[in-house]
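*Asks:* Quick paste from Swiss-Prot:
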type	residues	note
BINDING	41, 42, 43, 44, 45, 90, 91, 120, 143, 177, 293, 317	NAD(+) binding site
ACT_SITE	122	active site, N6-AMP-lysine intermediate
BINDING	411, 414, 429, 434	Zn(2+) binding site
DOMAIN	597-679	domain 'BRCT'
């Protein structure tokens, strides 16, 4: 345990403070400038609080480069600098209800009366400033070091939640948080891991890394969102409280987090904290605490700020939800693109409301950095409240005979040599006949966003492949009822149901087939753009790299991947076989040249889908809504116009009812779609 500062000499304190500054500044550089932290927040906070303690006891030790005097990071090369006329400050932190009570007591003693507080969720993202002149968006910037940030205007203009024009012609500088929703983060990491690229540690890093992309097309693809919560200068607004300011923001067209609450007592504040500490895993985005702000705006102005933090607000940081467990094994598995991924197998533990027994170790570089070994006691947490991740190893409990993990040199599925492709951190099997890759490819082909063959999952596909009934996707369409009845747990009715689902998938539009084929870098959105442009698979197969790259500024990486895929003789044979079994290879959706239906009732509406839909898939419903001019949102807020609720709808439906938002059941939505088709 560290010595108490009041028992130390100045020299001892100076030595420790210097070491802490060096360590903390290096961690800050990794966090802010590289978007790649190498230490848990709780460890950083512990070191930071120790430095604060030393500097408070020995004020002469405070230096201009101390992390206690700095805000954010440096300005990254490649972006123009933006000077914030009014600095973008960070927040002070507390870690216990007792510390929070002390902050409130000091504030109220200072002003001489009790204060109402606005409680807001602390979004785990990247601070953002948006500048509007006469109601028009003219600039977006990062916080940077608080005084000078990065001009990311081109990137933020691709984010759907940021209005290009306000509902009033105000000249304002609005601050908020840019974040990546949990679902978008999980999908992005899945794509990166499949492509052999380094994964992001958490949604905050993913959002920061995305906003700092020099190619704004990448930003557009990654589904970032924002919540705005503050303003540089209160004057342009009519609001007199923090809570009313958020409502005014929403009226201006900004996305705000609707889950704020005005607290009239500390009992209200603590109740809010307890509620969202429990609800945290259920939210669609990551939070790492609660922000408590004095609600009256005139009081905020009179209290002002220190060089680093406002005096009228504080962040209550949630304690890390970590559990120790035993690492029993490491399994190496092969994905559909050939990437070989290590997975830690552990004693099951309860973490953030779920039982966790497995965690990805991503790639050999990650394994080496963590130095995990069989038999280790490890600390497990959920990165961004989503993905189980080993945060550290308890070296004191490491068995004496524990050995470093052996990185495989041959494929665990087919035995082919593993390779490192250029610019990849992943190990990859490049044998196209690898059984694991073939099976994973079949699973992907049948998945909901691809050919949507209901009932054809990994268990049945494994049996079909093992029994040599299917060796490629075309073989699915040659299956017979007699063959299906030879499989385990397949009876007469389920065989007929599966054959019906397979038969129905023959009529899917071309974009589903393209996505289902598993072409590298071709996700569902890219597949739709390509299908819209070319119309038929024959036209696509004859297209040049330049033609494909020019589609909606798609670029060379995707175009090269598509061209290389269709250069294969085996792929040509597969396409002919699919056509021979009557699988559709033409595009059947709305034309790329036809604008969204501006005359539709849905035009301009913000719609949320929730619950289980029986008549159609969620992607199909989303595509239909978008084609009719709607914006499909991931969460319910005061700005939501309509919620379409299937069966087993949960918190989104409840929130819609609380906010008095129009709710349709699936039957009404289906009827609307049918009427539109007949019109």
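Cβ coordinates are placed from backbone N, Cα and C, and glycine is handled just like the others.
For the listed features, I'd like the structural context: burial, neighbours, distances.
*Replies:* The DSSP secondary structure for residue 45 (NAD(+) binding site) is helix. Counting every protein chain shown, the number of other Cβ atoms lying within 10 Å of the Cβ of residue 45 (NAD(+) binding site) is 14.
Listed in sequence order, the residues of the same chain lying 6 or more apart from residue 122 (active site, N6-AMP-lysine intermediate) and placing their CB within less than 8 Å of its CB are 287, 288, 289, 290, 291, 315, 316, 317.
Residues within less than 8 Å, Cβ to Cβ, of residue 411 (Zn(2+) binding site) and separated from it by at least 6 positions along the same chain comprise 334, 340, 417, 418, 429, 431, 434, 436. Secondary structure at residue 411 (Zn(2+) binding site), as computed by DSSP, is coil.
With helix defined as DSSP H, G or I and strand as E or B, the domain 'BRCT' (597-679) counts 31 helix, 18 strand, 34 coil.
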*Asks:* Can you give the mean pLDDT for the domain 'BRCT' (597-679), rounded to a whole number?
*Replies:* 79
*Asks:* Between residue 91 (NAD(+) binding site) and residue 414 (Zn(2+) binding site), how far is it from one CA atom to the other, in Å?
*Replies:* 54
*Asks:* Where does residue 122 (active site, N6-AMP-lysine intermediate) sit by DSSP, helix, strand or coil?
*Replies:* strand
*Asks:* Other than 411, 414, 429, 434, which residues of the same chain sit close to Zn(2+)? List them in sequence order, counting a residue when its Cβ is within 8 Å of the Cβ centroid of the site.
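*Replies:* So the additional residues around the site are 334, 338, 412, 413, 415, 416, 418, 431, 435, 436, 437.
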*Asks:* What does the structure give for the C-alpha distance between residue 293 (NAD(+) binding site) and residue 414 (Zn(2+) binding site)? Integer Å is fine.
*Replies:* 59
*Asks:* Below 8 Å Cβ to Cβ and six or more residues apart, same chain only. Which residues does that give for residue 43 (NAD(+) binding site)?
*Replies:* none
*Asks:* Most Cβ neighbours within 10 Å: which of the binding-site residues 414, 429, 434 is it?
*Replies:* 429
*Asks:* Of all the binding-site residues given, 91, 143, 293, which has the fewest Cβ neighbours within 10 Å once its own Cβ is left out?
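*Replies:* The binding-site residues 91, 143, 293 were compared, and 91 has the fewest Cβ atoms within 10 Å.
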